[in-house]
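Following: one structure in structure tokens, then a few remarks.
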Amino acid sequence: MPPLNRDALQSRLSQRVLALIGSLGLTGMGLFDSSQLSSSPELVETSYHDASSLSSGPIFSSRQQCPLDLPFSCTNTTDMDVDLCCFEYPGGVVLQTQFWDYKPATGPNDSFTLHGLWPDNCDGSFEQFCDNSMEISDPVSIIEQHDRGLLDTMHKYWKDFKGNDAYLWKHEWNKHGTCYSTLKPSCYGNQMSAYNNVVDYFNQSVALFTSLPTYDWLVEAGITPSETATYTKSQILEALTSKFGAEPYIRCDTTNALQEVWYFHHLRGSLVGGDYLPIDTLTTSRCRSDGIRFPPKVPGLNPTQTHTVPGPSPTDPTVKGHIRLSGQQGCLIRNGHWYTSGACAGYSLIQLETGSVNLKSSGGYCTIHEGGFICAHNVQPFEFEYDQETGIISANGQSTFSADAIPRGRVQQKIMLGHGQIDFNLKFSMN
């Protein structure tokens, strides 16, 4: 897919800034004249939405000044000597993820729902739960205090398929929002008040979602919800790519029904500026080439468990099994090490409401610590991804694990996340 030309990019940026302005109610209050929106995307580089002022009416106020000639994230060819309040790093790929939960119907029948706004690393991996000092416990109270209209919009479109919207919002901020370098409290200087950055994250998530009307784009291309019609992968991707300007990622459930759409972007400046550049997906779709279903939303049926990271069914949230290594002898023992001369440890795979999983052995919960896979009683559970079709376990978007050598005899070998001397996948095998 060729990159957008400058005029097209500027038009898209202008539309997205206007979408954000509209979502904040600025045009109706006479606080912003849309005619001021120039053809230069630099306009959004030096302004932000001061969430602390929303109780008395939203305004755009001066944020930390950033250079206007910054490159988009992940496009720099040399090391960037720049304030990370002005350059998103390491999570320079911004993913806007949308779900079509059709059984039961989640959200409006004529709209995908918003799931999150994720800062992935340039290689497609990601960090999680980056700063526990920024975590929140009650997103509803925070948002309600600052912007009731935003909260109403989130209740309509930012839906949890099990009905616990507030849990999903808390999880998305704590897991992903805390990883944005440009949302650190220090980036707000003396304009920082309680939870400005949290409200900015939710505002930006909603604004970007609003500018990406997946359902409308599909319907415009003749791809409509149906119990009988099917579509090809190329039909769906062409419909979305022609509107977005780059190829998104689509995910299908086990019945080959369209379930998710992810839009990838590079970002210039702070997330608050909303200066996005559409890029092609970094993830390969496994939807079949044809016969893709787009079912209408059906109320009142049992929830589907076909989300970003599929796992065990909701009726059996914990399953028992072993963890083996692809292409290698042996398996993991209770501390998470690789062993070839004894019995495999039993592991519990615990399904979370968000679609991720925890892993636990008799040694304790498992985590990634200093790049290594360990299980112990004194660690915080890590949110792994689990692919039910392949049994492969991933962490931070990476499915490759490694070790320095093959263990022999009574030797245990530590497992590391990422490539190394000996690469393999970790595969969960149910008992």
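Using N, Cα and C of the backbone, Cβ positions are placed for all residues, glycine too.
Annotation source TrEMBL lists active site at His115, Glu172, His176. Feature annotation from TrEMBL assigns domain 'RNase T2-like C-terminal' to 320-429. Annotation comment: TrEMBL describes 298-317 as region 'Disordered'.
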Measure from the CA atom of His115 (active site) to the CA atom of His176 (active site) and give the result in Å, rounded to a whole number. 11
Between 0 and 100, where does the mean pLDDT of the domain 'RNase T2-like C-terminal' (320-429) sit? 95
Per residue, counting other C-beta atoms within 10 angstroms of the C-beta, which of the active-site residues His115, His176 reaches the highest number? His115
Over all shown protein chains, what is the count of other CB atoms within 10 A of the CB belonging to Glu172 (active site)? 22
His176 (active site) -> DSSP, reduced to three states, gives coil
Mapped DSSP class for His115 (active site), helix or strand or coil: strand
Using the alpha carbons only, what distance in Å do you get between His115 (active site) and Glu172 (active site) once rounded? 8
